[in-house]
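Chemist: Below, the features straight out of Swiss-Prot:
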- Lys22, Asn23: phosphoenolpyruvate binding site (BINDING)
- Arg93, Arg122, Pro123, Val124, Asp125, Leu126, Asp308, Ile330: UDP-N-acetyl-alpha-D-glucosamine binding site (BINDING)
- Cys117: active site, proton donor (ACT_SITE)
- Cys117: 2-(S-cysteinyl)pyruvic acid O-phosphothioketal (MOD_RES)
Amino acid sequence: MDKLIITGGARLDGEIRISGAKNAALPILAATLLADGPVTVGNLPHLHDITTMIELFGRMGIEPVIDEKLSVEIDPRTIKTLVAPYELVKTMRASILVLGPMVARFGEAEVALPGGCAIGSRPVDLHIRGLEAMGAKIEVEGGYIKAKAPEGGLRGAHFFFDTVSVTGTENIMMAAALAKGRSVLQNAAREPEVVDLANFINAMGGNVQGAGTDTITIDGVERLHSANYRVMPDRIETGTYLVAAAVTGGRVKVKDTDPTILEAVLEKLKEAGADINTGEDWIELDMHGKRPKAVNLRTAPYPAFPTDMQAQFISLNAIAEGTGAVIETIFENRFMHVYEMHRMGAQIQVEGNTAIVTGVKALKGAPVMATDLRASASLVLSALVAEGDTLIDRIYHIDRGYECIEEKLQMLGAKIRRVPG
């Protein structure tokens with residue numbers, strides 16, 4: 001297993017390009033199954049989950065054509081099997097997203113129950129109940145979800161999500177795109193990635209309205225056609241590199257991104273003392289060599305502060321002036337990185353869903369282990385400011401969400417290298 005070795009102390013300075021958003025790319029790839037002709041999706045990040053999704057299509061008999069810029073063309077008409085097998089699904093939760101499109105377009109689907117990150121209990125029952133509301137017959141047996149559309153196809157339905165679910169909203173929205181009649185999704189997720197998926201469905205000739213609000217209305221259409229689409233930038237990658245600049249007292253400009261999808265994070269960075277300038281597709285952060293000030297924050301569904309940026313701000317607070325409280329309201333077990341940061345000398349107390357972080361002047365390099373995707377990013381940030389060397393093990397977690405993290409950080413002046421395990 002690869003490891004990262006980071007020598008702390010370099011002040012980051014420079015410019016980098018932000019990759020496409022994995023959490024938009026995965027549902028958009030799944031939605032290509034709805035089309036009745038070839039679809040091209042561009043700006044895909046080069047990440048394991050994306051390759052797994054493309055491999056899953058290959059397993060179903062679709063042969064995606066990929067160019068060197070990681071643009072992929074998918075022709076769903078060549079599908080041969082409607083089964084998403086366990087060995088691919090187990091490594092990636094998002095494969096549940098093929099369930100809705102397959103039932104809507106082909107009338108049936110068999111999808112293994114998913115695997116993925118070890119955070120909290122992420123149930124798939126909302127996906128199942130939503131499809132049942134549209135008339136699908138569903139059985140869960142032998143670790144597989146087996147779904148069949150009724151005679152004449154799925155029917156539009158009113159569906160209320162009793163908890164806000166991003167993948168649940170996406171799955172039902174995709175199924176509704178080809179259902180007969182109107183579907184109304186209430187208490188829907190409002191994330192920008194949901195909006196990106198809705199824009200993609202509409203680019204294929206769909207009729208989705210209200211994405212980005214908690215009520216989404218979908219008028220089903222007879223067919224969805226070929227389209228060319230570019231995936232939105234990754235707001236979490238954007239935020240992570242901005243925090244990297246902030247913790248090191250540096251200056252970083254991130255390009256090919258969108259400041260409007262990151263407002264809660266930018267506000268907190270300003271509160272921490274950063275100077276921030278933005279353009280249409282870039283953000284520049286300058287700390288002028290200052291140590292950040294500690295901030296209090298509470299994670300909540302979009303447009304509030306994102307849970308996927310929580311760990312990075314614990315790293316910021318760990319070396320900041322003062323004490324900050326971080327309250328996690330989305331996932332349980334999301335402070336696993338704290339115990340690794342203790343090894344580096346961080347002063348963090350966890351009480352239930354709250355982490356109280358008292359900033360120290362300096363962290364010390366130590367061997368640490370990544371436990372999940374965003375936690376691993378926080379260890380990288382802490383290592384950038386720690387005295388001496390930090391060895392981060394199990395970095396396959398990082399590779400699931402960050403494209404070429406060591407190369408991008410090297411471009412900003414970080415002393416970081418990957419070593420084979």
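Glycine residues also receive a Cβ, built from the backbone N, Cα and C atoms like all the rest.
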Chemist: Once near-sequence residues are set aside, which residues in the chain of Lys22 (phosphoenolpyruvate binding site), 6 or more away, have Cβ atoms under 8 Å from its Cβ?
Modeler: Pro45, Leu47, Asp49, Ile50, Asp234, Gly401
Chemist: Using C-alpha atoms only, work out the spacing between Leu126 (UDP-N-acetyl-alpha-D-glucosamine binding site) and Asn23 (phosphoenolpyruvate binding site) and round it to an integer in Å.
Modeler: 19
Chemist: Work through the binding-site residues one by one (Asp125, Asp308) and point out the residue whose CB has the fewest other CB atoms within 10 angstroms.
Modeler: Asp125
Chemist: Hey, what's the Cβ neighbour count for Asn23 (phosphoenolpyruvate binding site) at 10 Å?
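Modeler: The Cβ of Asn23 (phosphoenolpyruvate binding site) has 25 Cβ neighbours within 10 Å.
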Chemist: Determine the Cβ neighbour count for Val124 (UDP-N-acetyl-alpha-D-glucosamine binding site): the number of other Cβ atoms within 10 Å of its Cβ.
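Modeler: Taking all protein chains shown, Val124 (UDP-N-acetyl-alpha-D-glucosamine binding site) has 19 Cβ neighbours within 10 Å.
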Chemist: Between the Cα atoms of Val124 (UDP-N-acetyl-alpha-D-glucosamine binding site) and Asn23 (phosphoenolpyruvate binding site), what distance do you get, rounded to the nearest Å?
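Modeler: About 17 Å separate the Cα atoms of these two residues.
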Chemist: At a 10 Å cut-off from the C-beta of Arg93 (UDP-N-acetyl-alpha-D-glucosamine binding site), count the other C-beta atoms across all protein chains.
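Modeler: I get 18 for this one.
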Chemist: Under 8 Å Cβ to Cβ from Ile330 (UDP-N-acetyl-alpha-D-glucosamine binding site), same chain, six or more residues apart: give me those in sequence order, or none if nothing qualifies.
Modeler: Thr299, Ala300, Pro301, Thr307
Chemist: How many Å separate the Cα atoms of Asp125 (UDP-N-acetyl-alpha-D-glucosamine binding site) and Asn23 (phosphoenolpyruvate binding site)?
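Modeler: About 20 Å separates the two Cα atoms.
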Chemist: Roughly how many Å separate the Cα of Pro123 (UDP-N-acetyl-alpha-D-glucosamine binding site) from that of Asn23 (phosphoenolpyruvate binding site), to the nearest whole number?
Modeler: 18
Chemist: Taking Pro123, Leu126 as the binding-site residues to compare, which has the smallest set of other Cβ atoms within 10 Å?
Modeler: Pro123
